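Structure first, then comments.
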Amino acid sequence: MPGARDQGAARARWLGIGLLGLFLLPVSLSLEVSVGKATTIYAVNGTEILLPCTFSSCFGFENLHFWWSYNSSDTYKILIDGTVKNEKSDPKVKLKDDDRITLEGSTKEKMNNISISLKNLEFSDTGKYTCHVKNPKENDFQHQATIFLQVVDKLEEVDNTVTLIILGVVGGVIGLLIFILLVKKFIAFIIKKTQEKKKECLVSSSGNDNTENGLPGSKAEEKAPTKV
């Protein structure tokens, strides 16, 4: 029947897509590249800056290929290009566009660090810096991460006035709560002591009343000694 044949073909097609997805999923999640948490970094003109980059692979790597690229509004270029033979080898640089660039990373001891430093910064160095990694052991799967560098004349001082005010208010509130708690405990202690004194006073007063009224157990009930 045509309907049953079409349904069978559709099932086979979806099964094939599912198997392909399961095959590609480990690859897509294995190789990762990171340039840190900060997506933008600032540096002063004329100084040196470290552009961080690390990678990780669940399947290991052999003859890993890495490179850094620079991209601005009107310029794109490869800054440095190199390879890493294996996990016991340090990266080797094959191409370097600028003498101001130095490879600072190491891949030994599972550091997987391919960071670079850029000396004598210029305002024209402002732009996007992307760290690329391609792993032949994972069917040449490639991953990259980008960080934006902003070269400035001087770093702006962060105004912490608001932060200090907030911390002062929070500290004051906490101090006030502690003070109130201590006062509350002190008052409770005084009340407890006062109640204990009142109780002792009532017991003592009750004993005196019994003595004066000649009640059982009082001194008035005691008989005088018999004269012989």
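Easy rule for this one: first residue shown is 1, then count along the chain.
Note that Cβ sites are derived from N, Cα and C of the backbone, with glycine treated the same way.
Pulled from Swiss-Prot, these are the features on record:
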type	residues	note
DISULFID	Cys53-Cys131	disulfide bond
DOMAIN	31-148	domain 'Ig-like C2-type'
REGION	198-228	region 'Disordered'
TOPO_DOM	31-162	topological domain 'Extracellular'
TOPO_DOM	184-228	topological domain 'Cytoplasmic'
Can you name the residues of this chain that are 6 or more positions from Cys131 (disulfide bond) yet have a C-beta less than 8 Å from its C-beta? Val33, Val35, Leu51, Cys53, Phe66, Trp68, Ile114, Gln144, Ala145, Thr146, Ile147
Mind tallying the topological domain 'Extracellular' (31-162) by DSSP state, helix then strand then coil? 11 helix, 64 strand, 57 coil
